[in-house]
Amino acid sequence: MSKEKVLLAYSGGLDTSCILKWLLEQDYEVICFMADVGQTEDFAAAREKALKIGAADVVVKDMKDFFVEKFVWPAVQMGLIYEDRYLLGTSLARPCISKGLMDVAVQRGCSYISHGATGKGNDQIRFELSCYALSPTIRVIAPWRMETFCQRFQGRSDLLEYAKRSNIPVSATTKAPWSMDANIMHISYESGILEDPSVAAPEELYQLTQSPTRAPDTPTVAEIVFKAGLPVRVTELVSGRTMERPVDILAFLNKAGGEHGVGRIDIVENRYIGLKSRGVYETPGVTVLHCAHRDLEIYCLDREVLRVKKYLADRMADYVYNGYWYAPEAEYVRKCILESQKHVSGKVVVEMFKGHVMVTSRESMHSLYNQELASMEVHGNFSPYSSTGFIEINAVRLREHHRVFGTANMTKHFSRTESDMKLI
């Protein structure tokens with residue numbers, strides 16, 4: 001009787017290597033899957049390690065272009081920022097990796113998938129919801145949520161002992177006092193010493209960006225061209241170097257922004273499962289793109305459309321963070337936001353300098369900015385006398401509020417009691 005097949009999302013690290021061995025002990029045939037989304041990984045060494053442990057095969061899939069074009073670029077186009085700060089680098093990678101994982105699972109006839117995500121994190125949710133949306137009949141083995149596995153492996157020391165007994169190669173390098181997840185879009189850091197929010201992240205943690213205090217004294221200036229909200233070309237203005245391929249654009253902006261310390265954030269965020277967590281993120285290139293895209297949006301879109309679009313983008317950011325990239329509500333909101341991007345085309349010049357990115361100019365054939373109307377030098381077609389009636393109409397409710405609540409309300413507003421001062 002043939003063994004049931006499991007496709008394991010494999011990283012080559014201690015956790016998934018031990019899970020691979022443990023699955024083999026449970027009498028499964030295990031195929032390992034690795035997605036190359038731009039992380040610094042020795043895939044050849046990881047493949048050799050998995051085969052040595054006992055994997056039936058190792059599939060390594062280059063997904064960098066797919067990730068940037070189908071996930072990162074749409075996220076910029078939609079303006080997705082979770083809780084107004086996190087640019088979703090890890091969250092976007094999970095549905096991308098899940099797509100590759102499920103494609104291989106179907107091709108290789110796997111009844112199960114397995115992963116090494118912990119039971120407290122967001123990744124377990126993102127992976128599994130994405131996989132169920134793509135293949136409803138797939139079954140999931142999540143060892144870190146299984147009582148027998150968790151009782152056997154209480155932590156890293158138990159895994160190391162198991163690896164030693166099972167002849168699983170373990171890296172001799174000292175483990176960093178934090179965990180890291182990297183891809184072509186960003187690097188995230190959490191856990192370890194970062195679990196104390198009062199402790200500042202050490203400078204040696206950062207790998208994509210250097211401290212703004214050590215940044216060059218000359219700014220890097222680039223022109224970014226957008227078409228329907230998507231970046232299509234970037235030109236470094238000093239050298240004239242031009243990039244059009246999405247991964248090349250992102251690589252250039254990561255390097256240029258990183259040299260100036262652009263895109264560092266240290267935040268506490270709300271996980272979907274209800275916990276708060278502290279994360280440190282480096283996202284230089286996409287930080288630059290978001291800045292340029294937002295500026296062009298304001299230049300080209302109606303004010304009320306912008307407000308509705310911002311509301312929808314916030315909802316979509318929640319969907320992505322929580323693992324619902326492939327959900328019907330996300331698909332619906334995506335289509336609504338894309339309607340707003342039809343005229344977000346033009347070019348934006350940005351200046352990256354010592355931790356900051358600033359837009360210095362913008363041009364678009366679809367701009368709603370009317371220089372003659374906006375000018376303080378000429379009246380143009382705008383009658384300043386019309387403002388009198390506008391002010392009068394908008395003052396009606398304020399006058400009525402004062403008529404009813406009047407002096408007593410104002411006295412309370414401007415008074416300060418001793419207890420009030422203690423709160424300030």
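Here the Cβ of each residue, glycine as well, is placed from N, Cα and C on the backbone.
Note that the coordinates shown come from a computational prediction; the quantities given were computed from them, not determined experimentally.
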Given Swiss-Prot lists Tyr86, Ser91, Asn122, Arg126, Ser179, Ser188, Glu269 for L-citrulline, the same-site residue among Tyr162, Tyr206, Tyr281: Tyr281
Alpha-carbon distance [Ser91 (L-citrulline binding site); Gly116 (ATP binding site)] in Å: 16
Entry from the binding-site residues list Gly116, Gly119 having the most other CB atoms no farther than 10 A: Gly116
Inter-residue C-alpha distance, Tyr281 (L-citrulline binding site) and Gly12 (ATP binding site) (nearest angstrom): 23
Cβ within 8 Å of the mean position of the Cβ atoms of Thr118, Asn122, Asp123: remaining residues of the chain near L-aspartate: Ala117, Lys120, Gly121, Gln124, Ile125, Arg126
